[in-house]
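Copied over from TrEMBL:
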ACT_SITE  Lys210  active site, proton acceptor
BINDING   Arg192, Asn447, Asn491  (S)-malate binding site
BINDING   Glu282, Asp283, Asp306  divalent metal cation binding site
COMPBIAS  1-10  compositional bias 'Basic and acidic residues'
DOMAIN    116-297  domain 'Malic enzyme N-terminal'
DOMAIN    307-560  domain 'Malic enzyme NAD-binding'
Amino acid sequence: MESALKEQRGGESVLDLSPRATPAGGVEDVYGEDCATEDQLITPWTIAVSSGYNLLRDPRYNKGLAFTERERDAHYLRGLLPPVISTQELQEKKIMQSLRQYDVPLHKYVAMMELEERNERLFYKLLIDNVEELLPIVYTPTVGEACQKYGSIFKRPQGLYISLKEKGRILEVLKNWPERSIQVIVVTDGERILGLGDLGCQGMGIPVGKLALYTALGGVRPSACLPITIDVGTNNEQLLKDEFYIGLRQKRATGQEYYDFLHEFMSAVKQNYGEKILVQFEDFANHNAFELLAKYGTTHLVFNDDIQGTASVVLAGLIASLKLLGGSLADHTFLFLGAGEAGTGIAELIALEISKKTKYPVEETRKKIWLVDSKGLIVSGRKETLQSFKKPWAHEHEPVNNLLDAVKAIKPTVLIGTSGVGRTFTKEVIEAMASTNERPLIMALSNPTSQAECTAEEAYTWSEGRAVFASGSPFPSFEYNGKLNIPGQANNCYIFPGFGFGLVMSGTIRVHDDMLLAASEALAAQVTEEHFAKGMIYPPFADIRKISAHIAASVAAKAYELVVATRLPRPANLVKYAESCMYTPNYRSYR
């Protein structure tokens, strides 16, 4: 990534440019949201102390029936609540019982969003305690359907909508958000939502969902998170004709108009929130995603989850899979179906990791990695017509027109799908992989589930139970010849919450590739022998908070090593420090 992006920056690195440091420290926990403040008495205040009816309508402080007798007297709640006093655990049990009665995942999604709007701590308590059950609801695959129908289910704003109408006034719009101590912004322009295409303004479901996971999985305080949608129009004709569409009814702005608007946004963000604000680009189209990452990587703390987060989580799976496949990364050959931002991002990080381990230049290690796009195998004969981010992968080879022939010609040990096109890993492709590998590694990464290149059942069946399989969306376990196979989920949720939290807790001002490698290695290290015995190359999501703490500590350690961390002095034990800074959703006691 960094080596490829440096070419677009004229040779500049994220470590070369000033400022090298900013004032030390992070954002103070004024709401009592992390572990370190869990036992403190707090005051429920916004502009004034919140009480009575207003307190029950404030999702940050509302506890519903869990208010104690003393709190009901102190905050004028007598008569506004039934007399029973509940516990948070009983409330959680009741909500989960209610959620499980819904048959339609989208109904569960709407119910969860409504819970977040009335009782924030209970929402996160549910999500943390039931992460494996609720993750597919608040994020992929259900969030994809939610974005498609966002205009119909929209009830109240959950972030900032910055449209072309606000051109020249973006800083003023940012100041309308009630929180000032923002640490993480997730922003989308809605052009490439999951594998669903251009959803315009309705892409807001993605930043909202990502930031919910930043809090639940990574421990970033909800008050420090800001979801933003940049609305520059949409080319989706169906949405433009939809009477319930909530965005600008015009074709997408492109070219200089688009980049000027994004530049105003990035400048305003830095002016309003400072040097250490993390801006995560989400679901931008390929041509814009690489351009924005290259342009702002040296001036802002920016991260693209589709390019860098996906790459890091896939690399973690590859590192862990070596226990099952044997050898080192350098001993394997990789073939990708899909050469967009995800595919090329993963490929570059694999090349960097091999380069780091073998000391060979990255230009040499790239030759172990081959990519297939819509026109076939990317080879040197096509170089003149390729987009810039594909050119490093144009190796010497005869033209190959399709994936099956590419598998037969290249004989890869690892097949990775990032095409966004479902069922492209056919029976013939999987059988070809299995014919040359004792344990072929198949990674069908496209989201949502309908766009996966193949299912877990297909991969195991067509490889006669020998495949090691991982996907982007969850698949159920599958038994073949009496052996239970548990598919891995190469879900970005393993990486980005802990990665972002590591940046925030250390006050880091730039993202460097070495931090991504550190995150991958930290995640791979969490896979135990017990997991390997079940064919797993990722740890269970039930342990995600512990996993995120270790990833955050590894990322922070690398930031201190690279001298881009500003929280000084460096904590002696970064894992314990990460755990102490994590948001916890347990109810607080009010004065």
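Our numbering is plain: 1 for the first residue shown, then up by one each step along the chain.
Keep in mind that glycine also has a Cβ here, set from the backbone N, Cα and C atoms.
Residue environment of Asn447 ((S)-malate binding site) contains 23 other Cβ atoms, counted within 10 Å of its Cβ in all protein chains.
Within 10 Å of its Cβ, the residue among the recorded positions Arg192, Lys210 with the fewest other Cβ atoms is Arg192.
When the neighbouring Cβ atoms lying within 10 Å are counted for each of the binding-site residues (Glu282, Asp283, Asp306), the highest count belongs to Glu282.
Taking Cβ-Cβ distances under 8 Å and a sequence separation of 6 or more, the neighbours of Asn491 ((S)-malate binding site) in its chain are Leu135, Thr140, Val313, Gly472, Pro474, Tyr538, Phe541. If you compare Cα positions, Asp283 (divalent metal cation binding site) sits closest to Arg192 out of the recorded positions Arg192, Lys210, Asn447. Close to Glu282 (divalent metal cation binding site), meaning Cα to Cα within 10 A, are the following recorded positions out of Arg192, Lys210, Asn447: Arg192, Lys210. In this structure the C-alpha atoms belonging to Asn447 ((S)-malate binding site) and Asp306 (divalent metal cation binding site) are separated by 11 Å. Other residues of the same chain near the divalent metal cation site, with their Cβ within 8 Å of the Cβ centroid of Glu282, Asp283, Asp306, are Thr188, Arg192, Ile193, Ile206, Phe281, Phe284, Ala289, Asn304, Asp305.
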